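Worksheet: one structure, shown below.
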């Protein structure tokens with residue numbers, strides 16, 4: 001699982017930071033991509049990455065401010081122009097569908113692929129065999145959400161040698177036992193599969209928060225996550241301004257990461273006021289949480305299986 005930070009700035013584009021966009025590429029799913037927010041020029045950032053527009057399967061929009069959605073019509077148009085025909089799911093607050101449809105109709109853009117729009121609400125918004133996505137409402141001047149992407153836990157390794165020693169021959173029964181099921185052998189013996197399984201492998205969890213002032217419910221929502229991607233628009237000396245406009249400071253994000261016991265905090269949505277000199281911003285973050293990462297455009301964070309991680 002790779003997190004590709006395509007845009008890490010706040011409000012307006014800057015020379016080194018484009019506006020908000022983050023893509024997750026699922027290597028175990030043939031490179032399928034989920035995109036979170038789509039600020040202006042996000043499709044340009046795709047050109048500087050190994051990602052393909054055709055691989056985008058779902059788009060999740062945290063809120064309807066322009067720096068998070070103005071790149072969406074162009075990206076959809078280019079995805080179609082490049083020949084993609086697979087359906088696309090788009091999740092976002094009420095009003096997103098109207099924005100997209102109006103932009104496409106005004107520009108006389110016809111897409112090769114169908115779009116399935118989903119209006120966001122708190123709770124489970126996507127449920128697959130191995131992945132789920134939950135949403136949590138945040139605190140911002142417009143409706144804004146955080147997303148929790150969670151893999152299902154995987155069964156532990158089956159102790160085949162112990163089963164063979166018991167006289168249980170390899171075959172279809174092993175598939176049932178690996179699921180932890182109880183099976184009856186031909187000789188009448190009952191075998192409980194869970195007794196022959198190692199501990200299950202915990203699925204990975206990534207939490208991505210949209211623009212927000214501190215929200216108490218985020219602590220439980222992000223609890224134990226392998227990765228928390230959180231905005232830190234301002235340094236902590238701008239706390240009053242941050243909260244007034246529905247944003248967080250470095251200290252807010254770091255405190256949340258500590259309370260929620262997350263494995264890795266990655267800060268994004270950095271105000272352009274720090275463009276000329278980010279040293280103080282970075283120094284504050286490092287002092288509050290030594291392993292914190294401040295994402296830059298095109299930075300890639302790889303979260304390996306079983307929660308192992310590495311950065312590029």
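Using N, Cα and C of the backbone, Cβ positions are placed for all residues, glycine too.
If you check Swiss-Prot, you get these features:
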BINDING   63, 65, 140, 211  Zn(2+) 1 binding site
ACT_SITE  67  active site, proton acceptor
BINDING   67, 68, 211, 269  Zn(2+) 2 binding site
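Positions of Swiss-Prot features highlighted on the structure.
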| residue | record | DSSP (3 states) |
| --- | --- | --- |
| 63 | Zn(2+) 1 binding site | coil |
| 68 | Zn(2+) 2 binding site | helix |
| 140 | Zn(2+) 1 binding site | coil |
| 211 | Zn(2+) 1 binding site | coil |
| 269 | Zn(2+) 2 binding site | coil |
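Most buried of the binding-site residues 63, 65, 68, 140, judged by other Cβ atoms within 10 Å, is 68.
Residue 269 (Zn(2+) 2 binding site) is surrounded by 29 other CB atoms, counting those within 10 A of its CB over all protein chains shown. For residue 269 (Zn(2+) 2 binding site) paired with residue 211 (Zn(2+) 1 binding site), the C-alpha to C-alpha distance reads 8 Å. Note: the CA-CA distance between residue 211 (Zn(2+) 1 binding site) and residue 68 (Zn(2+) 2 binding site) rounds to 10 Å. With respect to Cβ neighbours within 10 Å, the recorded positions 67, 211 differ, and 67 shows the lowest count.
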